[in-house]
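Colleague: Sharing a structure, written as structure tokens. Questions coming.
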């Protein structure tokens, strides 16, 4: 990124304004979001430990779930420390740090979009083709899908960051958001950001609508397959498994599409911050709460871990 002096001043850092307009609530927000952040870390770590420690959970569904937990721990940790800092004092971030935060967060969010689509496809195979599922979702194919989602996320957002890095920033340096997001950042550019904006829009449409279309297709086929199952426990179990994933998908994709595919739908920066909170804070809470509370196999693994710990104590 080219840093351009304005008079005697050179831009070396950005100021993240966050929720600057409601200072009377900053301390309360700090307490609440600190508790939320700790819960996200502990909750997702428990899922990872439960799956890794239990041989019974070494299945594609839970391998994808572990990767989802890793993604949410990482991208929440990329954003929330600076947000919490902003509740106590002015949150500043260097130009390089802003680009790095934008790159890591965007890459992980893109990877999660793709991973959620993979998880829907996995559920479709498990429900629609139960006898052939072990062959269709073998270990090598499962790990190949996981690696592809991670690499694709970093490749896509690497291109966006490379374009943003070519822009000139000559002031002002206040970003009206609690993290380095694309729209507020390019809005501060002194040079023409249209190439970066158009490229980001195209990539956003590609990385959001295509996986979301695959998810809808998978769930459409799942519904058809489940309706063929005789009414009873098997049907309820299938719908219960899918409803957990669908709740995460609805919140995550819904907010991202509004912010990046149809940004004109958000008429104020305040509303934009609310939507940003939904996929940076609310969705990572959904993962441990929904998947853990509604999954008996994870329950059993966690109880086993706790029993072992009590025995050792």
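All residue numbers here begin at 1 and follow the chain in the order shown.
Cβ coordinates come from backbone N, Cα and C, glycine included.
The transmembrane segment annotation in TrEMBL covers 27-49, 61-80, 100-121, 141-165, 201-227, 239-262, 274-293. The domain 'G-protein coupled receptors family 1 profile' feature in TrEMBL is assigned to 43-291.
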Colleague: Could you check whether the transmembrane segment (141-165) and the transmembrane segment (27-49) come into contact, where contact means at least 3 Cβ pairs under 8 Å with the two residues of each pair 6 or more apart in sequence?
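Modeller: In this chain the transmembrane segment (141-165) does not contact the transmembrane segment (27-49) - fewer than 3 Cβ pairs sit under 8 Å.
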Colleague: Same chain, outside the transmembrane segment (27-49) by at least 6, Cβ under 8 Å from its Cβ: which residues?
Modeller: 19, 65-66, 69-70, 72-73, 76-77, 80, 83-84, 87-88, 281, 284-285, 287-289, 291-292, 298, 302, 305
